[in-house]
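I have placed the structure first, in the form of structure tokens, so that the comments after it can refer back to it.
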Amino acid sequence: MAFNDIPVDTLKRKIDELKRFLSISLSISNAHTVDFYTRDVWSTFMCVSPDDVLCAISSTHDQCPLDPNDSDSGSSFLSMLSLDVIEDVSPRVHPSQLSLEEREKRKRENLERKAGEGRGNIRDDGLFSPLTSYVTAETELKTLITELEDAVLVGLHTCGDLAPSTLRMFRAKQELRAVCSVGCCYHLLSEEFDQDRQGCVDGVCGFPVSQYLKAQACFCGRNARMSACLVSLPHTSQIASLCFCYDTFLKYLMGILFSVDSEKRVGNVYSKASSFVDYVRRALRKLDLDDTKLSDGDIQSYHEHYSPRMNEMVAFNMLKVILAPCIEGLILLDRLCYLKEQDNVSHSALVQLFDPLQSPRCYAVVAESYSDHCDEERCF
């Protein structure tokens, strides 16, 4: 199979072009929705009206209808796996705590599998042996799988820092000959050039990973990384927009009335609420806040006061949705650049594995390392 293994200089030019674009537009993605009520966000960033933006976006969507199947990232392909693959997982253990019995069991399974291959009779139930464990780039993989050699490391929708960790592991372990990594949950990535470096472990952060972007002190911001996970679904935009506005109203009320800046999610409260008043009460109770501080009239008056600006909020959110692929692209190109910086990586590329309508996080960073028995024709 052939991949477009672009030269590193070309990749760096693409990264520079993307960074120049994001140097302005990243401010939109990093703006918090509550800032609409505390700061004049729209006038700060935009020179056209919200209605103009919504009209332009609507006309684009009318020309590009989407499949009505609404699937979140990763969930669509889970239905293709057998139940034992999804559910039959062992308890989470650190490699150093793995019992000798478990190691011997895995060794037997590997030997039986190899024996079956020799006879040309492979048993399906021996192809998959689940083991859940905490791993890092420093983990000795052979303490988990004794017979591990010439392996492919695959991560499908690996969350947050786990995706860059798999790339570091691939670079560090000779027994790993190839890697295929599809990341997700970019909002959980740690950033090296974030002021508090929240989430970084022992000085190792999830973004950036390439020396090229490290040298430029590249920084996205949590709100922008959250925006990178957004998906454009016009067929659900009316419901999603109203839910988005309700959530924004709620966070504003929490800030001015309860002095709370909560990132805790209220889940599917919107779908159960009969009105905005009901939504606020349900949400406050779920967040363990005293909803009796507000009368129904107080809540409704806030809604009536700010609802005329709903188009403004919806338009701004849709701009974030449109910018999402650019931010995701920067994160993925950083990972690809990291692989191209490694001396032991023979080929690396960014490829689309899934239908983005079914699985929005559809791009994989793939790479292969040099080996004695990997010639130019076989590799990739």
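Cβ atoms here come from the backbone N, Cα and C positions, even for glycine.
Quick look at what TrEMBL annotates:
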- 94-124: region 'Disordered' (REGION)
- 100-124: compositional bias 'Basic and acidic residues' (COMPBIAS)
- 136-191: domain 'Methyltransferase' (DOMAIN)
Task: With DSSP as the yardstick, break the domain 'Methyltransferase' (136-191) down into helix, strand and coil residue counts.
output: 17 helix, 19 strand, 20 coil
Query: Taking all residues of the domain 'Methyltransferase' (136-191) together, what is their mean pLDDT?
result: 89
